[in-house]
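J.: The structure's right below; bear with me while I get my questions together.
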Amino acid sequence: MDARALWQRYQNWLYFHEGLGLYLDISRMRFDDAFVESLQPKFDKAFADMAELEKGAIANPDENRMVGHYWLRNPDLAPTPELTQEIVQTLEQIEAFAEKVQTGAIHPPRASRFTDIISIGIGGSALGPQFVAEALAPDFPPLKIHFIDNNDPAGIDRVLNHLRNSLASTLVLVISKSGGTPEPRNGMIEVKKAYAGHNLEFAQYAVAITSVDSNLDKLAKDEGWLARFPMYDWVGGRTSEMSAVGLVPAALQGIDVRAMLDGAKEMDDATRVPDVKNNPAALLALSWYFAGNGKGEKDMVVLPYKDSLFLFSRYLQQLVMESLGKEKDLDGNVVHQGIAVYGNKGSTDQHAYVQQLREGVANFFATFVEVLEDRQGPSTEIDPGVTSGDYLSGFLQGTRQALYENHRDSITVTIPQVNPRTVGALIALYERAVGLYASLVNVNAYHQPGVEAGKKAAASILDLQTRVVAVLQKEKTPISLDELAKKAGASDQIEAIYKILRHIHANQRGVVLQGDLHKPGSLTVSAS
């Protein structure tokens, strides 16, 4: 296709949202009109499915749940007046709490103000808040946020050591839907111990964001924590940024959460239009389906050309992969669906993996995210008439062109600036695109059985560790791994036992491994 034909295709397929100033360009995806026409019946069903979802249908049949994250930014859509009122009241409570913390009306016992936040959560309870904090927090926020989003002891220590001199003015958010997920529970226990070590009463610094009557909710109530905010069973972790999960940390940092909700609502209105060409989420779903042949055959590479959006790819990684990566479809057929997502930021990526994108395996499609406003205020000219922002824009356009010339397809999303409205709109755009695409390929986008399987497997390893240590404590002399496995009733789990013992030994926790480390089967083990 020559340059003039490409320019016409660009105009034909360009979507523009005037209220948000958002552009979506899918002209560099090489589908034709016949392909679009062939998908129309699937889209008709997808639009109908989405309409029923928003009305309160059981859109997550595997867990028998409604899916209501769209109600969070438009409470009037909720299927009952009680839900509408609860959503409105929760938002008002979040804003009131944030204001009291920022003004010092709520303050720690030993300081006039809270200065920092530790946010403890994992998965959707971390990725959304991290993305929004990086994108939107002011340079000097009223409270500076720090995340504990893993079970890595050294990572926890790093956060706590950084806050050693300001722990007495640090608020703690504990975010866990079930209240029993191991990672946030363990993080809370570690942080609680650190506060006790500084003679600080944890309850006077703690906030729970969890399901009503969960174990965490009961603990927070019994201990008299500063506040408790609800999580709903009809909001999944990966779509929870517009709930208390995302709004509490955002509001505390001084981010305009109403504007973020307004941007999401405005995008929701646009993506509710039952017309593929005039619905930006449908255009994304169409492009994804074309790129991967409806089977996820190509990866999605996300390249935001803005430092503040560099966590967008990690956020989308969970949203897309946890939603679409399913073994079975809604009819029980084995389909192994999904789209792999990765990325970092431009133009850094041009000096990293874009070499392979341009000349290597063509197993991907790119998504460029462009921000029109370079910075607040004027820019210095690097060369006559050229700023650093011009260079960044040129790098994006050049990479897009270079990929297309070598038969690599791409999508470009353009926003006027990074602000709460546009970030809310981006989140809503991709939430809807995921839902529509899931309908196109007939999978449940709102459950995660693979995650649950991993949790169960991890629990079985910890149970095995308890049994193995109990056997060792009774033994008087070193024994082989084979013998230990037999006595622990786990003869078929020798490798797992070896790895458990290697870890305990490395941390000097009462286990001694002896023998040739090159030959694990020759080792003997004893309690020290």
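A Cβ is built for glycine as well, from the same backbone N, Cα and C atoms used for every other residue.
According to Swiss-Prot, the protein has these features:
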| type | residues | note |
| --- | --- | --- |
| ACT_SITE | E322 | active site, proton donor |
| ACT_SITE | H351 | active site |
| ACT_SITE | K455 | active site |
J.: Sort out for me which one of E322, H351, K455 has the most neighbouring CB atoms within 10 A, since those are the active-site residues we care about.
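T.: Of the active-site residues E322, H351, K455, the highest Cβ count within 10 Å belongs to E322.
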J.: Measuring Cα to Cα, how many Å separate K455 (active site) from H351 (active site)?
T.: 37
J.: Between the residue listed as 'active site, proton donor' and H351 (active site), find the distance joining the two CA atoms and give it rounded to the nearest Å.
T.: 29
